[in-house]
Each structure stands twice: as C-alpha cells, then as structure tokens.
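**Student:** Before anything else, here's the structure in question.
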Amino acid sequence: MTQTALLQDLEARGLIAQTTDMAALQELLNKESVTLYCGFDPTADSLHIGSLVPILMLKRFQQAGHRPVALVGGATGMIGDPSFKAAERKLNTPDVIEGWVEKIRKQVEPFLSFEGENAAVMANNYDWFGKMNALEFLRDIGKHFSVNAMIKKESVQQRINRDDQGISYTEFSYSLLQGYDFAELNQRLGCKLQIGGSDQWGNITAGTDLTRRLNQTQVYGLTMPLVTKADGTKFGKTESGTIWLDAKKTSPYAFYQFWLGTADADVYKFLRYFSFLSVDEIASIEEADKSREGKPEGQRILAEQVTELVHGKAALEAAQRITHSLFSNDLTNLTADDFAQLAQDGLPTIKLDKSASGLIDALAAGGLAKSKSEARTFIQSGAVSVNGIKVDSLEHAIGDGERLFGQYSLLKRGKKLYALVDWQ
C-alpha cells in the first residue's frame, strides 16, 4: 500500500477525525518510514473494546511500513486524564498501576510485529517521569505552557463550568505530561506522529507544540473519531457491563455474541473500523445484504473477524461451536472449557449443591420459573429440557448422568430462556 493509499484508506474507513496538517503529514509518510505512537493509560487491569481502534490503527501503519510505538502510561496512569470526564478520577496505588501496566503491555503486544526493519516498540512513560523532580518539571516543561490557553480547552471548560465538580491541579497538569511524552519519544526514537481518539486532540496538540519548542522539530497529530452507535447508546457496554479485551473478564463467547448483536445501522461502519477487510469488500457485503432474504451476513462476518483478531482462531471456533450447540439444542460437541465460558458470562448461571437435584427447585432457583407452581406448569406443558432433552415428569431429579463433565447441567424453558447449573 502506498502512503497516499494509506491515508485514503483511513479516510474511506472514516477513521480520521482531525490532523494537525494533512498535506504535510502526507508528504512525510511518502518520504520516509515514520515512527508514530499511541498512549494507553492503565485505568483498569484490561483495555476495553474502545481501545481496539487505536491499537488497530498502529497495526495499519505498521503494515504500511511505519514503526509503531505503544506507550503504556505508568506515570500518566497515576494522574488520570480529565478529558471530557465528569468527575475527578480515583487515584490508584503505584503497585496496582504497575500490575495493570504489565497486563496492558501483554494485551497490546500480540497485535504488533516486533521483528523486521519497522519492528514495534513498547514504552512506559514512568521511565522518564519517575526520575524527574518537581523543579525540573516546572522549569523544563511548565514554562512552555500558557495557563490562559489551557483553561480555554473544551475538556477543561466542561469541568470548570460544573457547579458540582471542579478540576484539581493534578488533573489540570495531565496535558503537560502527555505533551512531554511526545517530546521525549521524539528525542529517543525519532517519533514524528501521535495518534489517539478525538477526545485527545487538546493533549496531542499540546505535544506537537512542546516538541517544536523543546526539540525544534516539526511533528504531527492525527485523531480518530470516538466510536458511536446509531441509536445513541454507549458503544462497548451491555446490560451486564463493559466488553473487555481480557478473556478472563469477557469470555470469547460473550465477546463474539456482542458483535453478533450489532445493529444493522452500525455493522458496516464497524467492519470498516475493526476489520482488515478492504473498503470494497465491505461495500460488497453491504450490497449483498440489501438484496439478501433473511438474516444479513454483516454481523456474522464482523463477529468472526474481530473475535479471531483479538482472541485467535481456536477461541473463535469455540465461540462458534457454543453458538451452534445452543441453537441446535445439541450439546455433544461442547468441551469443559466451553461450559466454563458459559458459566463465566455466557448464560445466567446458578450454583447448586448436588444434594438439591430436584428439577422443579432448579427451575425456580435459575429464574426460569417465578415459583415452584409455575415450574410444574412449564414441565407439564413440555416447555422444559435438560441438556437438550425434554423432561415432562414432575418427579425428575437431575442425576449424575445429566451433570456434564461432572459439573454442568443446561436447563432450558421455551425457545430462548436458559439457566446453567454449576453443581457444587
């Protein structure tokens, strides 16, 4: 891909919100292999799916021959970015942040290549801020920032203008830290481009200005739009919570199901944002879906692409196997690990003692019936199955033979209501 084609592709995908100087950036990318960076602050022990857009942007640039730097904010994570946040962040202890830094580093690494001429680099801004004292910070960095200009930034104004929440000097100083990151990475690695979400525009331009002042070097910024949904609800959240990249926090099955549930109004945009299918391929999928009778293919393709990208082929196959088994009512191909995923976050799950094996009690405990009386009615009407096999006896007790892998029984009422029993 030529460098002109790279920016054209990003624009066609809708992935460019703003640049500090598009023409000059285009010229730079055409002229040389550029080192670029994106920062990831450790605000939790895992990144969520909103972080995928910048991670994949680093990957897109690397595939085009440029060198990506993933900067984990071991120092900035101790402060907290106030950008468009309604309230002050909770400050976490250094040892907690250090653990989160390591987890995030391990999450980002698999997306990038650390071999070849444009091998990726992992960095941690604690390496330079940890050695800097307050006087150095105020003299060498602070003197280059105008408080007048900082106060005018939209993200700061939103906090200042709230009666219930102001902004501390700690968070107010955040943009100085992020700005210095750019200057430091420019000095250390020749970094000339910073990318980030559109909410980072103020911090990014602080960095381009500071780098020009400190290093007498022209550098650039590029932001991506924040991911939004057509219905106005928050992207990356479900009724059960945030969708994380860590498989221990969001199972690959739940992750796959999240993408399968994408609205028709969002699916093709998300394919452009989150997949490496070409814009033309995505347009063809959209066109075929318009004329297709029945369910569109876009959601399945999106779920497959992103699940494999994040969790790998084996995890995708497991998610597909679980999905097919539940749909077909045939559990014979499921593994113990598959059931563990369902118990983690795939289905409503209850823990029962093996001595409490009555089906009526289990239906009530699992929320498939409001009462034992209602449970009896459902059983008698043939609406209840255990592990895919219908049960019509009111005296039915769930025996050892129905405890798959000695631990799990899948209860179902009607066509779509499930409860997984995890026997203790």
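Note that Cβ sites are derived from N, Cα and C of the backbone, with glycine treated the same way.
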**Student:** Quick one: sort out which of 42-51, 202-211, 212-221 is the motif ''HIGH' region' according to Swiss-Prot.
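**Tutor:** It is 42-51 that Swiss-Prot describes as motif ''HIGH' region'.
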**Student:** So which range, 64-68, 234-238, 329-333, 354-358, gets flagged motif ''KMSKS' region' in Swiss-Prot?
**Tutor:** 234-238
**Student:** With helix taken as DSSP H, G or I, strand as E or B and everything else coil, how many residues of the motif ''KMSKS' region' (234-238) land in each class?
**Tutor:** 0 helix, 2 strand, 3 coil
**Student:** Along the domain 'S4 RNA-binding' (357-422), what average pLDDT does this model show?
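**Tutor:** A mean pLDDT of 95 is what the model gives the domain 'S4 RNA-binding' (357-422).
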**Student:** Could you measure between Y174 (L-tyrosine binding site) and K237 (ATP binding site) for me? Cα positions, answer in whole angstrom.
**Tutor:** 27
**Student:** What kind of secondary structure is Y37 (L-tyrosine binding site) part of, going by DSSP in three states?
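**Tutor:** In three-state terms, Y37 (L-tyrosine binding site) counts as strand.
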**Student:** Taking Y37, Y174, Q178 as the record's L-tyrosine-binding set, what's the max Cα pairwise distance in Å, rounded to a whole number?
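**Tutor:** The widest Cα-Cα gap among those binding residues is 18 Å.
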**Student:** If one measures from the C-alpha of Q178 (L-tyrosine binding site) to the C-alpha of K237 (ATP binding site), what distance in angstrom results, rounded to a whole number?
**Tutor:** 27
**Student:** Other than its own, how many Cβ atoms are within 10 Å of the Cβ belonging to Y174 (L-tyrosine binding site)?
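**Tutor:** Result for Y174 (L-tyrosine binding site): 24 neighbouring Cβ atoms inside 10 Å.
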